[in-house]
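A.B. asks: Before I ask anything, let me first share the structure, which is written out below as structure tokens.
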């Protein structure tokens, strides 16, 4: 009995030792990965890095003109590194050609870079952030910002009977800044009462319960921020055009010639089509599979291109240069949506 207990303790200790060694190897590989990333930085960025600090990556963040902008320090946001840093402070600096300047406190919120009103003068600026822990460990990252114009109104179509028990969710697409105070929603210019019966709110999403055709309309979300330098709230808006349609027929017909007539040394192609029964539904996905059953994408030699319009989805299989090895091969066209799955095959033959 004593011997069995000793053997068990030995194996448990060995397992813990192996796991610890494996974890150390993983951490070392992560560090090596970011060291290599540091080596690829342009000189105008790398010259400002502190050799004592670990490098934690770069981030290219999008910003909208006239709206708030925020960015996290890359190592804090990166899933490979974030677990290493818990209690820390973040210092932000703006990188210029021959100097770096500390970012003022008014442009930092909760440790993130914060610009209350992003204008063109901020575009393409580079920022260096340094994360320092209580133990004195430090890691640095580089952030660049670029202007991106948000869509004015994004259309969304919902078919009754699809996910009625979950409701229709509308996302307020404020992708450029966090730390907002609250969001108010309007339908057709009238403020929505969040009563948790017909309408509820979860973060940036409005959920419309018990969907019906009358829920169609224009939905605007107004995002309220605050800033110590501005008396009134900063307000940013996004728009959705919701169209609710009756339940549709999701059947479709798959069309494909059973033979591909080819000539050695020349290109060839064949198109597989899916025609939906309902013109309002465009939910069929088509994939080509090679003789081994693997999906064909943008491969060399043989590749497929997918297009969709007006209830008709097409996937064209292209052969850049037909060789003898293709003759006799059978390729499968698979069309499917949430409800149905269909396949047809075609064989390569010499003309």
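Using N, Cα and C of the backbone, Cβ positions are placed for all residues, glycine too.
Below, the features straight out of Swiss-Prot:
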- 73-129: disulfide bond (DISULFID)
- 172-221: disulfide bond (DISULFID)
- 272-333: disulfide bond (DISULFID)
- 65-137: domain 'Ig-like C2-type 1' (DOMAIN)
- 155-237: domain 'Ig-like C2-type 2' (DOMAIN)
- 246-345: domain 'Ig-like V-type' (DOMAIN)
- 117: N-linked glycosylation site (CARBOHYD)
- 182: N-linked glycosylation site (CARBOHYD)
- 261: N-linked glycosylation site (CARBOHYD)
- 269: N-linked glycosylation site (CARBOHYD)
- 321: N-linked glycosylation site (CARBOHYD)
- 1-23: signal peptide (SIGNAL)
A.B. asks: What's the number of neighbouring CB atoms sitting within 10 A of the CB on residue 73 (disulfide bond)?
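C.D. replies: Here the count is 28.
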A.B. asks: Could you measure between residue 73 (disulfide bond) and residue 272 (disulfide bond) for me? Cα positions, answer in whole angstrom.
C.D. replies: 47
A.B. asks: What are the DSSP helix/strand/coil residue counts across the domain 'Ig-like C2-type 2' (155-237)?
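C.D. replies: So the domain 'Ig-like C2-type 2' (155-237) is made up of 3 helix, 44 strand, 36 coil.
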A.B. asks: Sorry to bug you, but what's the C-alpha spacing from residue 117 (N-linked glycosylation site) to residue 129 (disulfide bond), rounded to the closest Å?
C.D. replies: 20
A.B. asks: DSSP helix, strand and coil counts for the domain 'Ig-like V-type' (246-345)?
C.D. replies: 3 helix, 53 strand, 44 coil
A.B. asks: Return the count of C-beta atoms lying within 10 angstroms of the C-beta of residue 261 (N-linked glycosylation site), excluding that atom itself.
C.D. replies: 11
A.B. asks: Could you measure between residue 182 (N-linked glycosylation site) and residue 333 (disulfide bond) for me? Cα positions, answer in whole angstrom.
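C.D. replies: Each residue's Cα considered, residue 182 (N-linked glycosylation site) and residue 333 (disulfide bond) end up 48 Å apart.
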A.B. asks: Spatially, and counting Cα to Cα, which of the recorded positions is closest to residue 261 (N-linked glycosylation site)? Options: 117, 172, 221, 269, 321.
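C.D. replies: So, of the listed recorded positions, the one sitting closest to residue 261 (N-linked glycosylation site) is 269.
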A.B. asks: Report the nearest neighbour of residue 221 (disulfide bond) in space among the recorded positions 117, 269, 272, 321, 333, comparing Cα positions.
C.D. replies: 117
A.B. asks: Of all the glycosylation sites given, 117, 182, which residue's CB has the most CB neighbours within 10 A?
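C.D. replies: Most Cβ neighbours within 10 Å: 117.
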A.B. asks: When DSSP states are grouped into helix, strand and coil, how many residues of the domain 'Ig-like C2-type 1' (65-137) land in each?
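C.D. replies: Tallying H, G and I as helix, E and B as strand, the rest coil: 13 helix, 28 strand, 32 coil.
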A.B. asks: With every protein chain in view, how many other Cβ atoms are within 10 Å of the Cβ of residue 129 (disulfide bond)?
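C.D. replies: Its Cβ has 26 other Cβ atoms within 10 Å.
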A.B. asks: Measuring Cα to Cα, tell me the gap between residue 272 (disulfide bond) and residue 117 (N-linked glycosylation site) in whole angstrom.
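C.D. replies: Residue 117 (N-linked glycosylation site) has its Cα 50 Å from the Cα of residue 272 (disulfide bond).
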A.B. asks: Rounded to an integer, what is the Cα-Cα distance in Å between residue 333 (disulfide bond) and residue 117 (N-linked glycosylation site)?
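C.D. replies: About 51 Å separate the Cα atoms of these two residues.
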